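As given in Swiss-Prot:
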- ASP270: active site, proton acceptor (ACT_SITE)
- GLY100, GLY102, ARG103, LYS123, ASP135, GLY136, ARG193, ARG200, ASP280: ATP binding site (BINDING)
- ASN271, ASP280: Mg(2+) binding site (BINDING)
Amino acid sequence: MWPLRFNNRFIAVLPCDPEVSLRSRQVLEAWSGVAPTPVPVPCLLAYSSEVAAILNFDAEELVTPRFVEVFSGNALYPGMQPYAVNYGGHQFGQWVGQLGDGRVITLGELLGADGVYYELQLKGAGPTPYSRGADGRAVLRSSIREFLCSEAMHHLGIPTTRALSLIATGDTVIRDMLYDGHPAPEPSAIVCRVAPSFVRFGTFELPASRGDIDLLRRLVEFTIMRDYPHLHGAGETLYVDWFAEICTRTAELVAHWMRVGFVHGVMNTDNMSILGLTIDYGPYGWIDNNDLDWTPNVTDAQSRRYRFGAQPQVAYWNLGCLARALAPLFSDAASLQAGLERFRATYLAAERRDAAAKLGFAACFDEDLELFDALRTCMHQAEMDMTLTFLGLADWEPNMPDSLSLWAEAFYDPVKRDAQAPMLRDWLQRYAARLSVDPLPVAERHERMRLANPRYVLRNYLTQQAIECAEQGDLIELHALLEVMRRPYDFQLGREAYAMRRPEWARSRIGCSMLSCSS
């Protein structure tokens, strides 16, 4: 591990805010130098051994006082140069201007064991010039959610930022969890999150909105140089290729979300990664009964802009915002349309690929998409758990005596189950007919479905149970969840409880079905 050699390319290349203070202000440059605010009693709650290994941390270092001091913001390793990044964004469809890292401080980059440079950020590290009067801290509940979901998504095979550590600060902050006029003290924590880049769509939108074409161009050139080094060429041709790849990655990302039933909850353009990573875990969730209109975010309860079924369309809209921000760099902005068309084509291809895999087909034809959509309709009307429905289907054979027995654990409402039983049996007959002409051998079909349909997903009620235990000083559930989510596609003996459908007590419970951006 030693010596750690930190690189700081973002701040070495891009212009710095000349003012050195925490005063909230409009910043015209790309970043501001700012140090983390120390915390009173830091305590390591959890860490990811896989991320630590990638970053070349020795296992012994992870439990030392020095590690805890650094990743709580109380100290720095040599070579770290902390800073906060400036960006803007569209939130819930409206341009809101400058946002920036209001409670995130980047420490620098480390060269990983895989040959990739990774940025290390502390989320909840204290105020910055972008905090807009807030305290720059993060509560324990949201920090646990980000830590666990970062790692769970990675092991599901979904592009994501990662998490190195979760550290309690020993302090409390005041938060109004549901924005309903009931603020209360909550314990705070800091997550060290890790990614090759945290550049967002909003990074480019802000200078474009201000007419600062020089900074816009410098940001684009830097991002291509650092994050897309495989792209070659110059000028508009290079920019077109770059934007098209962003569109491709974003389409693949959202297709993965739809495959596993993940709902991001707050797909603002400042929460969209330029690398096509899942970023900024807030009021996210996994759908239970396949309701395309469901969102876990109470802030979005009326418009449901970021509901599960709308995520592909929202991603496309966000890419349109990015295209408009980049347009000043082009003599003919129409060339960006090819990238947007790339998104459509990539998403449709990924949708077909994933439908075939989830149903166990060798390939997906048009009528297979109709069959897939029909199953989604059945799941919704019968109130069936999406994860358990596909899991049961992977073990089904046409000669089973009771065709619905495979879904015994998937139903949330026995009345709806009985009412929709004829429709479900009809669907299974259609499915059996399709399987009879598919070339995949049975064993290969089962394996294909197993790899596409997770057994374990990070259901909100599981996370909430871990949060409530951790708030009382019990970390057993936190560590158990972290371990289970490392192998989401495998049967894990003794871990069956983590694969169960949402219990009835969690249907309308805060933290389980209702979340907010309060963190």
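Numbering starts at 1 and runs along the chain as it is shown here.
Each Cβ is built from the backbone N, Cα and C atoms, and glycine gets one as well.
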Record lists GLY100, GLY102, ARG103, LYS123, ASP135, GLY136, ARG193, ARG200, ASP280 as binding ATP; longest Cα-Cα distance in Å?
23
Looking at the binding-site residues ARG193, ASP280, which one has the fewest other Cβ atoms within 10 Å of its own Cβ?
ASP280
Does DSSP give ARG193 (ATP binding site) helix, strand or coil?
strand
Residues that sit under 8 angstroms from GLY100 (ATP binding site) by C-beta distance, when 6+ apart in the chain:
VAL27, SER32, ALA84, VAL85, ASN86, TYR87, THR128, PRO129, TYR130
Measuring Cα to Cα, how many Å separate ASP270 (active site, proton acceptor) from ASP280 (ATP binding site)?
9
Position of peak Cβ density within 10 Å, selected from the recorded positions ASP135, ASP270:
ASP270
Using C-alpha atoms only, work out the spacing between ASN271 (Mg(2+) binding site) and ASP280 (ATP binding site) and round it to an integer in Å.
6
Same chain only, sequence gap of 6 or more: which residues have a CB within under 8 Å of the CB of ARG103 (ATP binding site)?
LYS123, GLY124, ALA125, GLY126, PRO127, THR128, SER131, ALA134, ASP135, GLY136, ARG137, ALA138
What is the number of other Cβ atoms found within 10 Å of the Cβ of ASN271 (Mg(2+) binding site)?
21
